[in-house]
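Taken straight from TrEMBL:
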- 25-48: transmembrane segment (TRANSMEM)
- 41-290: domain 'G-protein coupled receptors family 1 profile' (DOMAIN)
- 60-78: transmembrane segment (TRANSMEM)
- 98-120: transmembrane segment (TRANSMEM)
- 140-164: transmembrane segment (TRANSMEM)
- 197-225: transmembrane segment (TRANSMEM)
- 237-260: transmembrane segment (TRANSMEM)
- 272-292: transmembrane segment (TRANSMEM)
Amino acid sequence: MGQTNATAWRGFVFLGFSGFGELQLLLFALFFSLYLVTLTSNVFIIVVIRLDSHLHTPMYLLLSFLSFSETCYTLGIIPKMLSSLVMGGQAISYEGCAAQMFFSASWACTNCFLLAVMGFDRYVAICAPLHYASRMDPPFCARLVGTSFLSGYLFGLGMTLVIFHLPFCGSHEIQHFFCDTPPVLSLACGDTGPSELGILILSLLVLLVSFSFITISYAYILAAILRIPSTEGRKKAFSTCASHLTVVIIHYGCASFMYLRPKASYSLERDQLIAVTYTVVTPLLNPIVYSLRNRAVQTALRSAFQGRLLGAG
């Protein structure tokens, strides 16, 4: 008996929505609709920013990279989740689960770092507007984006290695709809304490470092806004940050609840609800928030719909 069930078969089965019975088809229709809207809206944001020369500024280019990252994040999770809803408990290989964890964790971490970079962009725009063009020049923006992606991949790799160096025993049924770190870690046997600590440390590094960077940026932004003499000027300055701040609150609120907790406090139903919000709803909210609160994006979207950008009669 040198090998246990999960490692002998080298795979897992998702049971995330198995308890919903006949409601699974309804959930499929709901999530599939949300996924189509998420995919379409994020891709549309990327295309519009790419084609509209008025949006070729650091703020909007960073938004396009965030939309790209969100799109990749959902592509690695939601199709498998939808398949599981239609066909019941879906199997995934050991290697496939590790790959899904790596890519989902990498893109999630990349999103955190991109949001921090976007906060820095708003800081420079408001606190040093005369130097904005020189400080946020294309080479510097490229380095910031490249660092965000590379850091995301490294942290994602670290989280995956921390989990998958462990042996798995007993059940191979994952009580979740994708290979997230807490439910997969719960299947590991032996002493999981060091791995739990490792995941907590990595999560803290990603969330606290990026969120601290955002907090410092907004502390300077708030101080600069309060020094603006006119109410209209303060309102205009704050409006340029409102979209980003809204996305930050949603993103970090869900991520902190999911990953900055001890294993003993996990709850299947509650965690699935938060995970659905984080994986399905949040990527949908990003383009909606930015398009609803940003006049430049609204103008570009209207132009696209009218065929000025996309050549649609």
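Along the chain as shown, the residues are counted starting at 1.
Note: Cβ is positioned from N, Cα and C throughout, glycine not excepted.
Automatic prediction, not curation, is the source of TrEMBL annotations.
Non-local neighbours of the transmembrane segment (60-78) in the same chain are 31, 35, 38-39, 42-43, 45-46, 49-50, 100, 103-104, 107-108, 110-111, 114-115, 117-118, 121, 141, 145, 148-149, 152, 177-178, 279-280, 282-283, 286-287, 290, 296-297; each lies 6+ residues outside the stretch with a CB under 8 Å from one of its CB atoms. Counting only same-chain residues 6+ beyond the ends of the transmembrane segment (25-48), those with a CB under 8 A from a CB of the stretch are 17, 55, 63-64, 67-68, 70-71, 74-75, 78, 81-82, 85-86, 276, 280-281, 283-284, 286-288, 290-291, 297, 300-301, 304, 309-310. Between the transmembrane segment (98-120) and the transmembrane segment (237-260) there are 3 or more Cβ pairs closer than 8 Å, counting only residues 6 or more apart in sequence, so the two stretches are in contact.
Taken together, the residues of the domain 'G-protein coupled receptors family 1 profile' (41-290) have an average pLDDT of 86.
Between the transmembrane segment (237-260) and the transmembrane segment (140-164), the number of CB pairs under 8 angstroms, six or more residues apart, is fewer than three, so the stretches are not in contact.
Sequence-distant contacts of the transmembrane segment (140-164) (same chain, at least 6 residues past either end, Cβ-Cβ under 8 Å): 58, 61-62, 65, 69, 98, 101-114, 116-117, 120, 181, 184-185, 188, 195, 198-199, 202-203, 205-206.
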